[in-house]
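Residues or ranges marked as domain 'YjeF N-terminal' in TrEMBL: 10-206. Annotation comment: TrEMBL describes 59-63, 123-129, D149, A248, G301, H353, D416 as (6S)-NADPHX binding site. If you look up TrEMBL, you'll see N60, D119, S152 marked as K(+) binding site. Marked as domain 'YjeF C-terminal' by TrEMBL: 213-472. The AMP binding site annotation in TrEMBL covers K386, G387, H388, S389, T390, G415.
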Amino acid sequence: MKGVWTTDHVREAENRLLARVPDGSLMRKAAFGLATVALRMLDPGVVGRRVTLLVGAGNNGGDALWAGAFLRRRGVAVTAVLLAPDRAHPEGLAALRKAGGRVTTEGHDAVRRADLVIDGIVGLSARGPLRPAAAELVELITAPVLAVDLPSGVEPDTGVVNGPAVTATATVTFGCHKPLHVLGEGAKRSGEVHLVDIGLGPELGEPDITVLEPADVGRLWPVPGPSDDKYTQGVTGVAAGSATYPGAAVLAAGAATLATSGMVRYTGPAADPIRARWPEVVATGSIGDTGRVQAWVIGPGMGTGPGGRDVLTQVLEAGVAVCADADAITLLANHKDLWDLREPGTPMVITPHDREFARLAGEVGDDRVAAALRAARRHDVVVLLKGHSTVVAAPDGRVLVNPARSSWAATAGSGDVLSGLIGSLLAAGLDPWLAAGCAAAAHELAGELAADGAPIPAGSLLSEVPNAIRVLRAAAASVSP
Ligand SMILES: NC(=O)C1=CN([C@@H]2O[C@H](COP(=O)(O)OP(=O)(O)OC[C@H]3O[C@@H](n4cnc5c(N)ncnc54)[C@H](O)[C@@H]3O)[C@@H](O)[C@H]2O)[C@@H](O)CC1
Ligand SMILES: [K+]
């Protein structure tokens, strides 16, 4: 698992560390790590190559200047462009000058001619987009960009970009990952993220956000043991689909069927198409005939009329884990009394996109993590907020983010597959926060495998679920003894 810490927590940890290490040692460590990545990006041949540093007013610029001094000593031609000449880090500036680096306040030529640009404009204290002078220079960049801590112009705690910002080829982050590296636009703009250890680890405490690595997901995925049968692994119930939208039921039930080897039961008007596509699913027309399940997936294509409300009532009263998606979320937003039907402590995951979320808990806004946490606490559920980076928040404050490599999975029916995956992991007994996180990871990977660079229908994503699970389990096997 990879931890991510907010800027407030990083600063507190840094202050504790700064209090017990010699002055300047942290910045030199950070800058040395930065220079090492820069040298790798310049390779082959570093002598005489041109590196331009964009240097802002704070310690982020200081890191760039110290890294410039290291690079200069390796024979690199380094030019520092000072965006706030009066406030440039004095020791860093002196170190660069001593090493023979050039310093200027007129950066157009230096940026145009660079083989590599190092973005030290602004770091953890960044607020808002790039200011005009910096934005103008950044516009001129054609070389690869190495960002110091974060691509300048991106909001550090949300990953939001509200104006001109740097797009980095790679980013060097000091001490730990920060929210922007895994969230939305910030994750895209960071490029490849390299973590440089500056000794912050012992000061950090519990992460604010967790990112599951493929090996974590592979390790958590349910595998039947020698004494298991179709019931002991958890039976998933799927209540979905309608005469108008039978496909949603076929996709959700299919995902539950492929995700684990426990049994799947279906109830609803799409029993015939389900039987035709998934003969292994036990399909009935009415929830009263369905038999016992350990978790329900409810909502996709179900409709928001009295029929849907009635099924949702029965599902909530069943006292088993629930994954509520799509129309079930709208029903919960429209009929607040439905929440009271849940047995306290029964695991529940809801999977809204932004519009569904707004109906339930107000506009998402820029801070997706805060929004998901707010709804999770208000309703005592795990909230999986869909988006380019999926955010999964639990009522106890745990937050998990699943950053996506591409957006191919943003296609009709894709959400039905996701809810089926979550339901089957709930039925298998996984903690609901982890169930949602593992399902999001497998879903994203299945989309990536299916797309392979071209658009895909949700059915193709579904077909890749077994391969995605194989890849995740192989990742787990390769790291455990
Ligand atoms: N605190 C520490 O121990 C360490 C800090 N390090 C570096 O220090 C950075 C944080 O440094 P600082 O707190 O000095 O602040 P920054 O370098 O992030 O920002 C400096 C100043 O820029 C101004 N600013 C804010 N938003 C701006 C914008 N959009 N455009 C232009 N100017 C803007 C503000 O006046 C801000 O105080 C980290 O990102 C990291 O690079 C590293 O050296 C590692 C050690
Ligand atoms: K930066």
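Placement of Cβ uses the backbone N, Cα and C atoms for every residue, glycine included.
Remember, it's a predicted structure, so these values are computed and weren't measured experimentally.
Burial and contacts for the listed features, if you can.
In the structure as shown, the Cβ atom of N60 (K(+) binding site) sits within 10 Å of 26 other Cβ atoms.
Reduced to three states, the DSSP call for D119 (K(+) binding site) is strand.
Across the domain 'YjeF C-terminal' (213-472), the prediction's mean pLDDT works out to 96.
Long-range neighbours of K386 (AMP binding site) (same chain, six or more residues apart, CB within less than 8 Å of its CB): T351, P352, H353, D354, G415, L418.
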Hey, of N60, D119, G387, H388, T390, which of those binding-site residues are within 10 Å of D149 ((6S)-NADPHX binding site), Cα to Cα?
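Passing the 10 Å Cα cut: N60, D119.
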Mind checking which of R127, H353, H388 has the fewest other CB atoms within 10 A of its CB? They're the binding-site residues.
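Result for the binding-site residues R127, H353, H388: minimum number of other Cβ atoms within 10 Å at R127.
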Measuring Cα to Cα, tell me the gap between T390 (AMP binding site) and N59 ((6S)-NADPHX binding site) in whole angstrom.
32
By the DSSP assignment reduced to helix, strand and coil, which category contains N60 (K(+) binding site)?
helix
Among the binding-site residues L124, H388, S389, whose Cα is within 10 A of the Cα of N60 (K(+) binding site)?
L124
May I ask which of the binding-site residues G387, H388, T390, G415 have a CB within less than 6 Å of any atom of ligand 1, listed in sequence order?
none
